[in-house]
Amino acid sequence: MWFLILFLALSLGRNDAAPPVQSRVVGGYNCEMNSQPWQVAVYYFGEYLCGGVLIDPSWVITAAHCATDNYQVWLGRNNLYEDEPFAQHRLVSQSFPHPGFNQDLIWNHTRQPGDDYSNDLMLLHLSQPADITDGVKVIDLPIEEPKVGSTCLASGWGSITPDGLELSDDLQCVNIDLLSNEKCVEAHKEEVTDLMLCAGEMDGGKDTCKGDSGGPLICNGVLQGITSWGFNPCGEPKKPGIYTKLIKFTPWIKEVMKENP
């Protein structure tokens with residue numbers, strides 16, 4: 001599977017952490033500039049960690065398996081290393097991993113049959129609201145269930161090679177299909193629950209990968225999922241990826257945002 005090597009461990013040279021996911025874009029293309037203005041890059045002490053999504057000027061949603069003790073975010077970026085006119089940097093004042101996510105799984109170096117990575121989402125409260133511009137925009141939470149067969153778009157700066165070792169400087173987009181959860185039940189030894197979405201290409205070649213965790217899954221123009229976990233190597237035939245199903249969590253998200261203005 002996304003061999004449980006937490007992207008944090010990869011980027012910082014640590015070997016004591018291992019997340020359930022390996023999020024990256026394989027088989028994608030360079031996103032058009034400013035086409036994903038809600039895309040966020042989450043950093044840990046200056047090192048790229050995970051993707052995220054701007055759902056409110058003061059709030060970013062990402063994956064709970066990206067949890068650590070220090071965050072900053074970049075908004076409005078296409079290339080992670082070039083000066084860009086729409087880029088905005090923000091510190092994070094508070095983080096709220098979903099209480100139902102089993103953080104102990106992150107520190108396991110091997111994934112076991114039956115491991116359950118449900119509730120893989122986290123809210124980040126920005127210390128200063130984002131300035132909404134042509135290059136930085138919020139995207140609404142879903143209000144209805146996504147339909148199997150929908151065309152979806154995932155994006156991120158994760159690995160562009162199946163082995164997860166070559167990250168992208170430029171934001172990558174990939175078009176994948178929303179599949180029935182039964183397809184992922186057949187594909188993976190870990191638990192696939194109704195709190196997850198299954199998306200990918202059954203023929204392989206297109207997938208998210210290491211480093212894409214926490215980024216958006218947009219189906220028919222609606223934010224429906226957050227990149228969570230998948231098979232390692234990425235993009236294998238009959239091994240679609242797993243995404244947190246946001247429609248299941250909108251009450252919790254709204255409650256956290258309301259209680260922490």
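Quick reminder: no glycine exception, Cβ is built from N, Cα and C everywhere.
The recorded disulfide partner of Cys31, taken from Swiss-Prot and restricted to Cys66, Cys152, Cys173, Cys184, is Cys173.
For Cys234, the partner cysteine in a disulfide bond according to Swiss-Prot, taken from Cys198, Cys209, is Cys209.
Annotation for Cys184 (disulfide bond): spatial neighbours Val192, Met196, Cys198, Pro240, Ile242, criterion Cβ-Cβ under 8 Å with sequence separation of six or more. Ranked by how many other Cβ atoms sit within 10 Å of their Cβ, the disulfide-bonded residues Cys31, Cys66, Cys152, Cys209 place Cys31 at the bottom. Proximity to Ser213 (active site, charge relay system), defined by a C-alpha to C-alpha distance within 10 angstroms, is shown by the following recorded positions from Cys31, Cys50, His65, Cys66, Cys152, Cys173: Cys50, His65, Cys66.
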